[in-house]
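Right, one structure below, let's go through it.
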Amino acid sequence: MAEPEIVPVTEWPEWSSNPDGGDPLTQDLNAPYDKGDLAWLLVCTILCWQITPAIGFLYAGMHRRKAALTMVLQSLFCACACGIQYWIYGYSLYQSRTTNPILGDLSLAVFKNVLAQPSLANSDIPDILYAAFGFTFVSATAMILAGAMLERGRLFPSMVFLLCWTTFVYYFLAYWEWNPSGWLYNLGLYDFAGSGPVHIASGFGALAWSMMLGPRLNEHGVAPTVSDRKSKLAHYKPHSPLLMCIGTVFIWFGWFAFNGASTANLSLRSIYVVVNTNLAACGGGITWVILEYLYKKKFSLTGFCSGIIAGLVGITPAAGFVPVYVACLVGAITSVCSFYVVKYKYILSVDDGLDIFAIHGIGGVVGDILTGFFAASFVPALDGVSGALYEGGWWNRNFRQMGLQLAGATTCAAWSFFVSCLLLFVINKIPGLHIRATEEQEVRGLDLNYLEDLDFEDGLGHGCMISEGASRHSNTPPQREIVKAEGGEKKE
């Protein structure tokens, strides 16, 4: 039997006539693509994936011990459930080839019609590769938001909310900003790697969730009064600073890929973006820890981690637009703004113990504004494709850009906040889906209530083994038996 002749694709057919781009049995669909671009995006996709569990480690370290493992569970849920949702309809909602300015259709549902055709993001890479890369964004965004359930949100309703939130908030904003038909895209907004759909949306969504849940109970199981909340908020030190730092390191590591691959090809701009990302994280971390030292005369690992994350948030919209010599300044300014929002957050009387609103919400808005100020037209041109397409920001005397950045940030913040409040209100009214844990569950800890891996704990926080014959789901800790050892000494 003669081997079939495989001919390289030289010209892509119209998407409407052949969404796959050709017949892989008779055509080489790889031929038009540069292997370097494909390798860069694929490796970055793999590196980006670990940001989601890394956020789980960060949050687990910052929690009190009794609810830490619930955050790790939540990160795995976001990685799995959001991935399935993204495959079923999520990718189609924001990357389908529609013409309306609001939302896509289901033409790409379950990745049908997603294969070798050039992606909307960049014709240098195929649709299937960009689809794989985009999954890491939605799962990380959902996990950033998940921290708002902080020690008092019920697990199953939170999962329902996260899936509803990604549907009605994330995919809408992603379409507006990243689809060529989206209205913010056509308005001319600069948002390189997703400040609006990722950081601003999750930050203001977390503010709404924290408000709807109410403040945590104190260590005595008593809710703080209104006057207490206006003057101070409960602050608990992280139970595992080491785990918190490990999570931060992996987030920083993954952010090189998160930002670097948002060029959707491998070019000088990609390298420039990675350098900008690193410098902003450095500037943010140093700035926060210095500010904290000025107030407390001690260094803080929590502050260092918060500053690094704030720097990464600030540079996310700017990395592919601003010159390298202002990247550190972008991280530092974002860190200063986030620091003072954290310092005076008690004024809002909202218990956002992981500072998601301050670091991601406000940090994202600041990053958008700084992008409009510092954007330079030569930076996006480094991709070898854009040329003079981008006019830059204030530095290039494009004063209109600042207004566009403010409009985009305000739109994303308002949409996320109000839709989040509406979703939480509706979910809370559904029988069996009330969003807040009971007082008993909160005092004992979410881990003990939800996780089979965790058994009873004694007052010192040490795990106790279930005695033989005792029910694993008993609400009463097993009794410790006192026995007499040789010599009459009593031992447990």
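Numbers run from 1 along the shown chain.
Even glycines carry a Cβ here, placed using N, Cα and C.
Automatic, uncurated: that is what TrEMBL annotation is.
Listed in TrEMBL for this protein:
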- 1-23: region 'Disordered' (REGION)
- 38-60: transmembrane segment (TRANSMEM)
- 39-452: domain 'Ammonium transporter AmtB-like' (DOMAIN)
- 67-88: transmembrane segment (TRANSMEM)
- 128-148: transmembrane segment (TRANSMEM)
- 155-176: transmembrane segment (TRANSMEM)
- 196-218: transmembrane segment (TRANSMEM)
- 239-258: transmembrane segment (TRANSMEM)
- 270-291: transmembrane segment (TRANSMEM)
- 298-316: transmembrane segment (TRANSMEM)
- 322-342: transmembrane segment (TRANSMEM)
- 354-382: transmembrane segment (TRANSMEM)
- 402-427: transmembrane segment (TRANSMEM)
- 467-492: region 'Disordered' (REGION)
- 481-492: compositional bias 'Basic and acidic residues' (COMPBIAS)
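Summed and averaged per residue, pLDDT over the domain 'Ammonium transporter AmtB-like' (39-452) gives 93.
Across the candidate stretches 38-60, 67-88, 239-258, 298-316, the maximum count of CB pairs under 8 A to the transmembrane segment (322-342) is reached by 298-316. Within the same chain, the transmembrane segment (298-316) stays apart from the transmembrane segment (155-176): fewer than three Cβ pairs sit under 8 Å, each pair at least 6 residues apart. Here the transmembrane segment (155-176) sits against the transmembrane segment (402-427); at least 3 CB pairs are under 8 Å, leaving out pairs fewer than 6 apart in sequence. Beyond the ends of the region 'Disordered' (1-23), by six or more residues, the same chain brings 29, 31-32, 97, 107, 113-118, 126-127 to within a C-beta distance below 8 angstroms of the stretch. Away from its own ends, the transmembrane segment (402-427) comes close to residues 157, 160-161, 164-165, 168-169, 172-173, 176-177, 184, 187-191, 195-197, 200-205, 207-209, 211-212, 361, 364-365, 368-369, 371-373, 393-394, 433, 435 of its chain (Cβ-Cβ under 8 Å, at least six residues beyond either end). Within its own chain, the transmembrane segment (270-291) has Cβ neighbours under 8 Å at 40, 192, 252, 255-256, 259-263, 299-300, 303-312, 314-315, 318-320, 322, 324, 327-332, 334-336, 338-339, 379, 382-383, counting only residues six or more beyond its boundaries.
Outside the transmembrane segment (354-382) by six or more residues, the chain places 59, 62, 144-145, 147-148, 150, 190-192, 195-196, 198-200, 202-204, 206-207, 210, 267-269, 272, 306, 309-310, 313-318, 320-323, 326, 330, 333-334, 337-338, 341-342, 345, 388-396, 398, 401-402, 404-406, 408-409, 412-413 with a CB less than 8 A from a CB of the stretch. Here the transmembrane segment (239-258) has long-range neighbours at 43-45, 47-51, 53-65, 68, 136-137, 140, 193, 274, 277-278, 281, 301-302, 304-305, 308-309, 312, 316, meaning same-chain residues at least 6 beyond its ends whose C-beta is under 8 angstroms from one of its own. Nonlocal intrachain contacts for the transmembrane segment (38-60), taken as residues 6+ away from its ends with a CB within less than 8 angstroms of a stretch CB, comprise 68-69, 71-72, 74-76, 78-79, 125-126, 129-130, 132-133, 135-137, 139-140, 143-144, 146-147, 240, 243-244, 246-248, 250-251, 253-258, 260-261, 264-266, 270, 305, 309, 354.
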